[in-house]
C-alpha cells in the first residue's frame, strides 16, 4: 500500500522534496483554513441540491407517479428519506471528521479497495460529467435569448461552458472565502427565484386556481397506476435531492464542525423539501398536468403564463442557479480528490495546497481539466445513466458502514449518536430502489458496475504494489516537484487531520473537537 503524503521538508530519494522556500513556508503551518461558517455550509448543501432540475423538468416524478397528488407525496417522502440519510452522514461526519465524505468513511470502515472504487468512479465519470452538464445548461440559458427561433450552436454552448468552468476554477483557486461568497450569493438568488414561484402559487390559490390540488382531482390519473412506474418516480425524486452529502466533503474547513455540520443539515434539507414541494404546488396552479408534461422548461412556461413582461426572470434564474451549481460542485469535488491524494489513492501533488492562499490548487485544476475534457465528448449523458446507479449504491454502503462501525467500535466517541432505526429505514428504502433499478435496467446497472470494477487493477497496480521500479518513482517524484513549483504548493500540516476514525480514542476525538472550535488554528 502506498504511504500517505510525506511531511514537508523530509528528503526523498525520488525527488519528491519541497523547495527551500516551501520548507520555510511550511514552518508557518500551512493548513486548510476553517472559513466555512453555518451560512456558507447551508449554501453548499442547498446550492448543490437545487440545480436546474426544479426550474427545468420536475415532470419526471409526475409522469411516473401518474397523478398530481401522488407526485407531491413522492416529493415529501423522498425529502424525508434524504433527511434520514443526511442524519446518518452527520453522525459519520463528526465521528470521522475528515474531508472526503463517503469516500473517507467507506475507506476507514471497509478498507482501501472499497474506498478507492468510490473515488475511482467519482474521478472517472461522476464529477466531470455532472459539472459538464450543469455548465452546458448554464450556457444554454445564457445564449437562448440570442437565438430565439433556433437552438444555440453546439460550439458556442461548449465554449461558454468552458469559460464558466475556467472562471469559477480561478475564483476557487484564489480564495476559499471568495468561493463561499459566490456560493452564498447564487444560492440566495435561486431561493429568491423559487420564492417568487411559490408566492405566485399562493396568489393563484387565493384566486381559486387550485383545481388540481383538490383531493377529488389531485389523485385523478392520466394513466393507470403501475408499481414499477411509481418506484421509478421515487428513484427520480431521490436523484433530484442529489448533493445533500456534499458538505461532508469539506468537514475540515468547517468552523466548529461538531455543531455546524448537523445544524446545516437540519436547516438545509427541510428547506429544500419545502421549496420542492411548494414549487410543484405552484406549477399545477398555473398548468394542468398535461401542460406541465409537455413543457421542456416548466419554470419558463410558468413565468410566461403569470409574470407577463417580467417572464425573463425565469430563464435568468435558471442561468444563475446553474452557475452557482458549477461553483459548488468544483468546490466539493476538489476536496474529494484532495482527500484521496492525501490517503495515497491519487497522485501526491493533488494533496498539496497553496502556501499563502491555502487552497487545493492542484486538485481544482485536476477537476477543471477533467471536466473540460468531458465537454469534448458527446457521450457524457450516457455515462451519467451508467454510473447513477453506482453513485446511489455507495450511499447505501456508507450508511451500512455506520451500523458496522457501531458493532466493531461501540465505544468510539460520537458527538452525535442517532438511533439505529434511522439507518435501517434508509437502507430498506435504498434496497427497494436498488432492486427495482436492477430489475428494470439490468444492462445499464451492469455496465455501471463494469466501469467501477475497472478500478480494481488500477488499485492493485497503483496503490497496493509497493515495490515499483526506481525509475518510475524518480519520474513521478520529478513530475510532482515540477507541479509543486508551478502551482507554489506544499503538503498541508496534518496536525488537524488525524485519522481519528481509526484511532477510536475519545481523547483523540476531543483534541480534534478542540481544534475545530478554534478557527484560528
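Cβ atoms are placed via backbone N, Cα and C, with glycine included.
TrEMBL entries are annotated by machine, without manual review.
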TrEMBL annotation (transmembrane segment) - matching range among 68-94, 473-499: 68-94
Correct range for transmembrane segment (source TrEMBL, candidates 306-326, 327-347): 306-326
Segment-segment contact (the transmembrane segment (225-244); the transmembrane segment (306-326)) at 3 or more Cβ pairs under 8 Å: no
Among the ranges 159-179, 191-213, 361-383, the one whose Cβ pairs under 8 Å to the transmembrane segment (115-139) are most numerous: 361-383
Other parts of the chain folded back onto the transmembrane segment (191-213), taken as Cβ under 8 Å at six or more residues beyond its ends: 46, 50, 54-55, 68, 275, 278-279, 281-286, 288-289, 299, 302, 306-307, 313-314, 317, 320-321
Per Cβ pairs under 8 Å, the stretch of 159-179, 306-326, 419-440 packing most closely against the transmembrane segment (68-94): 419-440
For the transmembrane segment (265-286): best-contacting stretch of 36-56, 159-179, 361-383, 419-440, by Cβ pairs under 8 Å: 36-56
Contact between the transmembrane segment (306-326) and the transmembrane segment (159-179) (3 or more Cβ pairs under 8 Å, separation 6+): yes
